[in-house]
Amino acid sequence: MKYILSIDQGTTSTRAIIFDKHSNIVAMASEEITQIYPQPGWVEHNPNQIWVSVLAVMARVLLEANLKPEDIKAVGITNQRETTVVWDRKTGQPVHNAIVWQSRQTSDICDTLNKQGYGPLFKSKTGLLIDAYFSGTKVKWILDHVPGARKKADNGDLMFGTIDTWIIYKMTGETVHVTDYTNASRTLLFNIHELKWDTEILDILGIPASMLPTVKSSSEIVGYSTPHHFFGVKVPIAGIAGDQQAALFGQNCFETGMVKNTYGTGCFMLMNTGYQPIISEHGLLTTIAWGIDHKVTYALEGSVFVAGSAVQWLRDGVKLIQSASETEALATSLSSNEGVYVVPAFVGLGTPYWDSDARGAIFGLTRGTSKAHFARGVLEAICYQSMAVLRAMEEDTKLPIKSFKVDGGATVNRFLMQFQADILNLRVEQPKVLETTALGAAYLAGLATGYWSSTDEIQSSWQLKEAYLPQMSESTRKQLIHGWQVAVKAAQTFKLK
Ligand SMILES: Nc1ncnc2c1ncn2[C@@H]1O[C@H](COP(=O)(O)OP(=O)(O)O)[C@@H](O)[C@H]1O
Ligand SMILES: O=P(O)(O)OC[C@H](O)CO
């Protein structure tokens, strides 16, 4: 019997997971990644540490599963998106740390580009906003700031990659320089309509095309590990996708109108919008869901910046609780929010509000307000914010929501899931395998190598753990949503400058 090994290189850790043909997890290994904060607002990783962590978790997961390297049919790779590595073609060594997606060090470059009026051009070509989040300005920053980098780049001596590209380059003995459609679509350099690197944008940012990887399908053999890097065996690397897109695939959102929402530090929501890109009028990003057999499926994406991190704030900031799981009992100890709303706009508000100056607020306090109201308010806020993203998707696409599937660490909270179903008035589906990101990459690799024959076969092994059904009356739902909208508006009007 053969297995698929997925590498999930995330912001805080690198994981390797082995799956069997029935989508079961056979074994898992993970390793933390050091967060480097050179200046306030900057976040970097050491690319060599990332690569070593990949080697380590691959070895440990095989050991854990008691499998031989020969038992692995194919490897799938999924990764934190947008994070940028630039390295020297001759030495294979990075010229700078990886600049992480969260890092704001290129916000000045973005401000300038926005002031120059480039926003609409970039959006129409890439589906994205000009923001420090995406890779393009990070590459420019490295070329502008690392001594000698620009000259080397002009001579064709530098290579750029997102984390998938970097891992594959290393795994193939520094021979293969590729990425896939999903990761390319997060760089701000890729034309999502023409499906090629955009020369006009490259010129504006001063990035030579010679640095860029070849863009491949998300499900095809892009190369083989050198035996040296996979314990004596040559194994095909057959699936690549950015982590949110991999989760969409792992959740089997194969049809238009299917949505997944991941509840972690923040929430990432993606909706399959089919074969045509939809440019949002409500602050959503247009992105590539996957490309298979050179046919591309698109998605709309929206994010809630503060979700589980507001629960962490209850625990570590105001110290009202000792563990995240306490919030569930606290929230259910009340029969309603009793008019208390928490707006956790700690870093501004994302989709569809887009108000970076907004700050958090709590409304409706009375002498009877207790920590239960705070806990309930925080959990409710995650659901109201997710609702706002979903409503934006509905308005942009005019599509009915075919399914709403959830994953991520906070989905263990049953109050949260039930309240989400109630507020959306929608069935909320939680899968048995919550490692949907790694599973998505495994599916992509397995499809390319005949391990699974089709998405139909995959669908037959996808298992539902629990479906939360809406139970709230229409009038209560309306009243609660109205309260939230008033609270958000009030939070947005509180500006000290
Ligand atoms: N029982 C719970 N109730 C509410 N939130 C929770 C619970 N357990 C974990 N969380 C939140 O989920 C987040 C962790 O989820 P995870 O998917 O691991 O996040 P990430 O991948 O973003 O690090 C944390 O922010 C934590 O506060
Ligand atoms: O590493 P994660 O799971 O926090 O995901 C990061 C996202 O891909 C950033 O866009």
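Positions of Cβ are set from backbone N, Cα and C atoms, glycine also.
Over in TrEMBL, the protein carries these features:
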- Thr11, Arg81, Glu82, Tyr133, Asp243: sn-glycerol 3-phosphate binding site (BINDING)
- Thr11, Thr12, Ser13, Thr265, Gly308, Gln312, Gly409: ATP binding site (BINDING)
- Thr11, Arg15, Thr265, Gly308, Gly409, Asn413: ADP binding site (BINDING)
- Arg81, Glu82, Tyr133, Asp243, Gln244: glycerol binding site (BINDING)
- 3-250: domain 'Carbohydrate kinase FGGY N-terminal' (DOMAIN)
- 260-448: domain 'Carbohydrate kinase FGGY C-terminal' (DOMAIN)
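Features per TrEMBL, on structure.
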residue : record                               : DSSP class
Thr12   : ATP binding site                     : coil
Arg81   : sn-glycerol 3-phosphate binding site : coil
Tyr133  : sn-glycerol 3-phosphate binding site : coil
Asp243  : sn-glycerol 3-phosphate binding site : helix
Gly308  : ATP binding site                     : helix
Asn413  : ADP binding site                     : coil
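Those residues noted as binding ATP (Thr11, Thr12, Ser13, Thr265, Gly308, Gln312, Gly409) have their most widely separated CA atoms at a distance of 18 Å. Rounded to a whole number, the distance between the Cα atoms of Gly308 (ATP binding site) and Arg15 (ADP binding site) is 20 Å. Taking a Cβ distance under 6 Å to any atom of ligand 1 as the criterion, the binding-site residues Thr11, Ser13, Arg15, Arg81, Asp243, Gln244 reduce to none.
A Cβ distance below 6 Å to any atom of ligand 2 is met, among the binding-site residues Thr11, Arg81, Asp243, Gly308, Gly409, by Thr11, Arg81, Asp243. Among the binding-site residues listed here, namely Thr12, Ser13, Gln244, Gly308, Gln312, Gln244 has its C-alpha nearest to that of Arg81 (sn-glycerol 3-phosphate binding site). Cα of Thr12 (ATP binding site) to Cα of Asp243 (sn-glycerol 3-phosphate binding site): a span of 13 Å. Local packing around the binding-site residues Ser13, Gln244, Thr265, Gln312, Asn413 was summarised as the count of other Cβ atoms within 10 Å of each Cβ; on this measure the leading residue is Gln244. Neighbour list (Asp243 (sn-glycerol 3-phosphate binding site), Cβ cut-off 8 Å, at least 6 residues apart, same chain): Asp8, Gly10, Thr78, Asn79, Gln80, Arg81, Thr437. Once the Cα atoms of Arg81, Glu82, Tyr133, Asp243, Gln244, the listed binders of glycerol, are compared pairwise, the greatest separation found is 15 Å. Annotation note: Thr265 (ATP binding site) sits in a coil segment as assigned by DSSP.
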